[in-house]
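Asker: The structure's right below; bear with me while I get my questions together.
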C-alpha cells in the first residue's frame, strides 16, 4: 500500500460480486482518502451502482470486505452503516413523499442524535427547536425554505434530489455517497448542485460520487477511478485519467 | 403546522381535545334525537372508539394492516373476567391486567408477524388471530369455557372482595366501591378511557415517534438508510395498538362480565379495519367516527323488520308497497351487512380518505379553505352522503 494509506477512510479490499454466472465486480481494490472527493466513472453496466450497493450493505459481496474508519461494513444492516457515519443519496431520490419537506429534513437529525431507536412517543415534535432551526438553515442552504410545509412528494425532481442531499447533510456524515446526483437535472440546476457540493468539500467531508456527467466529475473530483466490465481499469487525478489512453478507449471513446 | 405550544400541545390539538371531550361527555343529550341515547349503545360507542384509535396507531401511521386485532380484544376480555373471578369486581385491576396481558400477547405475535410486510404481514396476523380463536373455542376450554363462554359464578373465590364484603346473593356486578358499572355510570367510565386514549393518541401523532412511524409508511428504505432500525418502531406501534384493543376488550367485560371466543373471530377483526377505513385512515378523529357510524347503523338497521317497513312505506299503493318492502327488507334486519357493504363501497370509491376527507371537502366548499371548524358537527354532516 501507498503512503496515503494512513489517511484512508474507506477501504474496499478485493471485492467480488457475482449474480449467477455474471461477474458484476471483480478484484475491486479501492482506497478513499479522508476529506477527498473520489469519483467513480464508467460506461453503463460497468458495475458502479453495484459497488455502491456493496458499500452501503444493500448487497453482500461474494468475496472481499469493505472497511470504513476501522470497522468492517460487510454484513452490517443499512441502519448500522448509517449510524457509523455513511450517508447515501440515491439515483432515484429516496425521500418521504407523504411528509412535509421540513420533517423530511428533520428526521435524519433524530437518527443522528438519538440513535437507531428511541421511545420518544410522549415528547412533542414542536419542542425540538434546535433540530427544527438546523433543518430550516439547511433548507435555506439548498434553496428549499419556501417549500418547507409542502409535501415532499409534490416537489420537482430536481428539488427532491436537493432535499435528499440536505437530508444526508443534516447528519454531518463522515462519508457521503452520491449516486449520479445531477442525473436528469437542467444545466442550471447541475451548476447549483456543483456549487453546493463544493461548499460541502470545504467542510472536510469525504465524498464518493458516481457520475455520468464529465462536467460534474472534472469540476469536483480530486481523484477518479474508472470502472469497466466490473474492474477498475484506471485510477488517478482528473488530468491523469483524461490523458489515459485506456480510459479514452473504454469509456470516453476518444470523443473528448 | 402549528408549533405554538400550550403545555407542549399545539393550540389546534388542545381545541380538538376540548371539543371532542364535550361531544363525548354530552352524548346522552345530543344522541337523543337520533334514538341512540341509551347506555348500552353509548358504551359500545366509547369501547369501539378506543379499539379504532388504537388500531389506527398501527395501520394509520405505519401502514401495516393487521387483520387479527380481535385476538387482543378477546385476550383483554378473558383477562378481565378472570380478574373478576379471582380477585375483585373492581374494574381497575381488571383493566390493568387486560392491558398488560394483551400487550404481552401483541409483543409475541408482533415479533413474528413484523418480519414480513404488506399482504404477508396481514395474512400472518389473520392466521394468529384464527389460531387464538380456535384455541379459545376448543383446546383452552378449561380457561375460556369454550362454546358457553366465560362467565361469573356465585362460587368464584374473589379473594380481595371476600375480605371486605361478605357473601351476597346472586351474581355481583362490576363496581368501583359500590358504583355499579352499568347504565350511564358504565358509559361515563368507558368515556373517560376513550378520552385518555384519545389524548395519548394525540401525543403520539405530534411526537417524533409519530413522525418516524409515518416515515416508515412513506418510505421504509429511506428510514433504514437514514439510520433508523424500523423493526422496534413497528413493534412498539403494534404493542401499543394491541394494548388499546385489550383495554377495549376489558371494558366490554366491565360493562357486561362475560367473554366468548366469537369476540376473536376474523369477522370481528375485519370490522375494526372497516371502521378505520370508513372514518379515515391516519386521521385522529376518523376512526372514531367510523366506529360510531358502524355501531349506530348496526343498531338502527338491524332492528328494522318488515312491520316497520310496511309502516314506513304505507303511503304507497298496495302493489308498489309490497315490492318496495320486499327490496328494502334485504338491506335491514339480518341483512344490514348488505347496507354496510354498499356504504363501504361508495366511500372507498368516492372518498378514499374516508369520512374525514368528505368533511374536509365540505368545509373547503363552504369556507373556501381553512376548514378547521366545529369537529362535533362533522358526524352529523357526514352521515348524509352515507345514507
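Using N, Cα and C of the backbone, Cβ positions are placed for all residues, glycine too.
Got these off TrEMBL a minute ago, pasting:
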TRANSMEM  B:17-38  transmembrane segment
TRANSMEM  B:45-72  transmembrane segment
TRANSMEM  B:92-112  transmembrane segment
TRANSMEM  B:119-140  transmembrane segment
TRANSMEM  B:186-213  transmembrane segment
TRANSMEM  B:233-252  transmembrane segment
TRANSMEM  B:272-297  transmembrane segment
TRANSMEM  B:309-332  transmembrane segment
TRANSMEM  B:338-356  transmembrane segment
Asker: Sort out the residues at least 6 away from either end of the transmembrane segment (B:338-356), same chain, that have Cβ-Cβ distances under 8 Å to it, and list them.
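Answerer: Same-chain residues near the transmembrane segment (B:338-356) but 6 or more away: 274, 277-281, 283, 285-286, 289-290, 293-294, 297-298, 301, 330-332, 378, 382, 385-386.
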Asker: Sequence-remote contacts (6 or more beyond its ends) of the transmembrane segment (B:45-72), Cβ cut-off under 8 Å?
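Answerer: Same-chain contacts beyond the ends: 24, 27, 102, 105-106, 109, 113-114, 117, 121-123, 125-130, 132-133, 187, 190-191, 193-194, 197-198, 201, 204-205, 210, 213-214, 216-217, 233-234, 237-238, 240-249, 251-252, 255, 263-266, 268-273, 275-276, 279, 281-284, 286-288, 290-292, 294-296.
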Asker: Among B:17-38, B:119-140, B:233-252, B:272-297, which stretch has the most Cβ pairs under 8 Å to the transmembrane segment (B:92-112)?
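Answerer: The stretch I would name here is B:233-252.
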